[in-house]
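**Q** The transmembrane segment feature in TrEMBL is assigned to 17-36, 48-72, 165-183, 189-211, 248-270.
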Amino acid sequence: MLSAVIPQQYWPDIDPALLRAIANVAISLTPLYTYGTACYSIHRRRSSAGFSIDICATMLMASILRILYYFVTPFEPSLLRQALVMTLVQCALLRVSLHHRPATYSPDGLAARPPLAPNLAAPRLSGPRFYLDMARALGAHALRLFDVHYRRPGCFWQWREEAPYWRFLAVFSAVFAVLTGLFRSSPWYGAFIGTLGLFIEALLPLPQILMLQRLGTVENFKVILLVSWLGGDCLKLSYLFFGTDNVSSIFVAAALFQMGLDLIILAQYLHFWAADRRRASLPMYEMEALPPVS
């Protein structure tokens, strides 16, 4: 793919096998410096405030599906190794995040999601924007599933105890492993789990976007996580465009969509960082003591 951009006669005299080996190792170890740094930061600060553990759910489910997809439709081995490393790193990140979650956390304190029926009944059927308003109401209701402020059905991934998280991951892995064993020769099943895994991974930044928007501050946000996300996006896209020829266009589309959401987080960070600076620079005045009331 690189030859379509730069003719081969202008390439430096470097062994292509060496470059490919370096690229394969770099893409395989991406999760270590993408999420390993976030794991270390949470452990060092003894607090997971500002970090959404929904990220762990997203990446674990997507990685498990990608590993199983390899047995249906084999792809680049480096991407398989990346999925294996990602699974291990995300398990460690989930463990550390739950361990350093505030002791007062309880899903009972989360707000209930507003009912959908009143929002669907509000648009007038004869109105010119009926379908747009309906789509907006459905989209807003679906987005609340990613908002940590609201209590999800069954308190999914909002449990107080640690055991339900690992129990869900075990059941999720077992169910799809059995399905893969039964339908691995079916093209439609391969397309299903491949697309599902990419779709889940592409939605990765959504919980963090909604959390930052609700908090209105980046005081506890780990900036190294954002840097590692953007760096991982650039590395992933560089690899997909220039490092391999055996890649489906759906991988590229999902990577571009995910990078777009990460850029939204970057815009949020810059906006709220400037707002935090302005608030910190406001002058503080001491009020004079009032005379005693006689």
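Backbone N, Cα and C atoms are what each Cβ position is placed from, and that goes for glycine too.
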**Q** Would you mind listing the long-range same-chain contacts of the transmembrane segment (248-270), meaning Cβ under 8 Å and 6+ residues beyond its ends?
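**A** Contacts of the transmembrane segment (248-270) (Cβ under 8 Å, skipping residues fewer than 6 from its ends): 75, 194-195, 198-199, 201-206, 208-209, 212-213, 218, 221, 223, 226, 229-230, 233-234, 236-237, 240-241.
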**Q** Spell out yes or no: are there three or more C-beta pairs under 8 angstroms between the transmembrane segment (189-211) and the transmembrane segment (17-36), with each pair 6 or more apart in sequence?
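**A** No, the transmembrane segment (189-211) does not contact the transmembrane segment (17-36).
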**Q** Who are the long-range neighbours of the transmembrane segment (48-72) in its own chain, taking Cβ under 8 Å and residues 6 or more past its ends?
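**A** Cβ under 8 Å, 6 or more out: 35, 38, 42, 79-80, 83-84, 86-87, 90-91, 93-94, 96-98, 100-102, 146, 148, 157, 169, 172-173, 176-177, 180, 183-184, 189-190, 193-194, 196-198, 200-201, 203-204, 207-208, 211, 215, 218-222, 225.
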